[in-house]
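Feature annotations, courtesy of TrEMBL:
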DOMAIN    408-464  domain 'MIR'
DOMAIN    469-526  domain 'MIR'
REGION    24-60  region 'Disordered'
TRANSMEM  116-137  transmembrane segment
TRANSMEM  157-178  transmembrane segment
TRANSMEM  185-207  transmembrane segment
TRANSMEM  213-229  transmembrane segment
TRANSMEM  241-274  transmembrane segment
TRANSMEM  294-320  transmembrane segment
TRANSMEM  601-623  transmembrane segment
TRANSMEM  635-654  transmembrane segment
TRANSMEM  666-694  transmembrane segment
């Protein structure tokens, strides 16, 4: 039989006619090793791109495919030129706030002014935006109130330019990553072309957003990881350490911008596990050598990113030291460290006593201060008694007096109290009428006058986690108020009341007694002239406490991002098919319109390639099992598998998320699918043509709408769900 001597005359579909990069002849002075017939040894370490050669071998020994010492500089310069020119073109247009610039531009201003704010994402991206604005002459005074507000004479171009520059690196990174994985200039240039001429990637890179910053760190981390994988036979050399440490730095950057940076951390982690598994199977390495490899990776990929991530928050807390709109989202103790907050450098009695005047703050995000006013609940909304709400701002009507006793006896865990609203002198009261919005809860009202009322005004005060006799500590103690008559617990639902309730937060009495932030409160302001005051500086939380609290608040904020009534919520299955875009600016023919939508040809080619990949792997696997040696089959399995895994990790988790989702969440995954689609040269021309047709979506347009004669987009609205 001649089967073993046969060389197949065909290649797999996507790898046919692939050109390899011109490489100096010396780079192919490599050492070839016999291929083991043990299938386990052939597959071990595929994820890490491993081989059976010793990882501690001489630095001059490489795998048979050769090293890529110098990719084509001409092609790289071409990619860079096209990428920067397409991202920086018409950067200042439109000269008004677009979409989420109203959030992230404003947050950049807060950093310049050192004003504390709250956001559901880690701070690095906003800090960099603020730094870019400051360095370009922006003074942080523009209010960023709503989309469409004119920038006038503000230097907004620096913040947009910073995001555009980082976005311009994405095609460059894609080129270098695919070049490393495939040793093919054709594959690399196609991957870069897909991103250069994608209208969606251009749009999302040109505005003051976190997305281009996040994707920069994701792609930089993947490139560093791939470069490190190529250093496997130069263990512990300077270049080996450089790429390993740079991978860790970029992982910290990705996570420091958004929590979805965790996905690329998982990707690098799986690659590292495969790499260590390969090393464990290398019998030329001692256990001490393996331990050194493990410790090096633990330092660079775990400890170093963690240190950098914590450092980002340390800088964040130092810079934002002034009271601002974010105060109310955090605990009273947290607020006491902010200059300008009424708790900063304040003094008050340390322990709550009967007869004290206090403010009571709910511990859920945006839970508000316990509040009342003279207005009554309207007819048909429970009993027509005085409204009790939660108010997000500090106000005189937040003051509550504990009127149970005139003696300065301390209030302790389990004590019965009556809470009187200072302004109206009505008591905090509940009964079996249903709450205004949360129908399974009971209504809370203000009842009685000047300390008189009934048994429904009595509440039992409990210190969460406390025991009978424990005192209530100002700022630090978490307390609950249990209604004596009904057994329910005082609760801030987080729901906004209608206009009759001044759009404040609903307060109810919940029959469900499980401890949650919504049913937990703390004493913030505390006035009692019969007790000695202490400086609140002794109650200020330390760095680890505020770091932990900030993460708890961010996680709760993320989980609370639910779709509002009639709000459009994008579905993850919409994204790969480019089903529906996102309006950045303008609606009618007289406005400057920008619409976030991917180049349809790019996105649909990527979608086809994702499905085609599994077919190609199946064909290659069957052929290899039958003894055929297919060119680039290892590139398909290893490099393609790594990119497919990256796509899955950055896409699949969104199907499990309960928060509101938007089209732009798919763009990190789109980077991986584009790199996977490095197959046919003919596509470049097609992609360029459709980029020209769809480019007005990215750079903006005025005049007739798509369905009207003379429109720049006439005949190009191929799907009814596209809203340009």
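Keep in mind that glycine also has a Cβ here, set from the backbone N, Cα and C atoms.
Quantities reported herein were computed from a predicted structural model and do not represent experimental measurements.
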Using DSSP, what's the helix, strand and coil tally for the domain 'MIR' (469-526)?
6 helix, 27 strand, 25 coil
Most CB pairs under 8 Å with the transmembrane segment (635-654): which of 116-137, 213-229, 241-274, 294-320?
241-274
Do the transmembrane segment (157-178) and the transmembrane segment (241-274) share at least 3 Cβ pairs closer than 8 Å, excluding pairs fewer than 6 residues apart in sequence?
no
The transmembrane segment (241-274): which same-chain residues, six or more beyond its ends, come within Cβ distance under 8 Å?
45-48, 50, 121-125, 210, 213-214, 216-218, 220-222, 224-225, 227-229, 231, 296-297, 300-302, 304-306, 308-309, 312, 554, 558, 642, 645-646, 649-650, 653, 665, 668
Do the transmembrane segment (116-137) and the transmembrane segment (601-623) share at least 3 Cβ pairs closer than 8 Å, excluding pairs fewer than 6 residues apart in sequence?
no
Whole-number mean pLDDT, the domain 'MIR' (408-464), equals 93
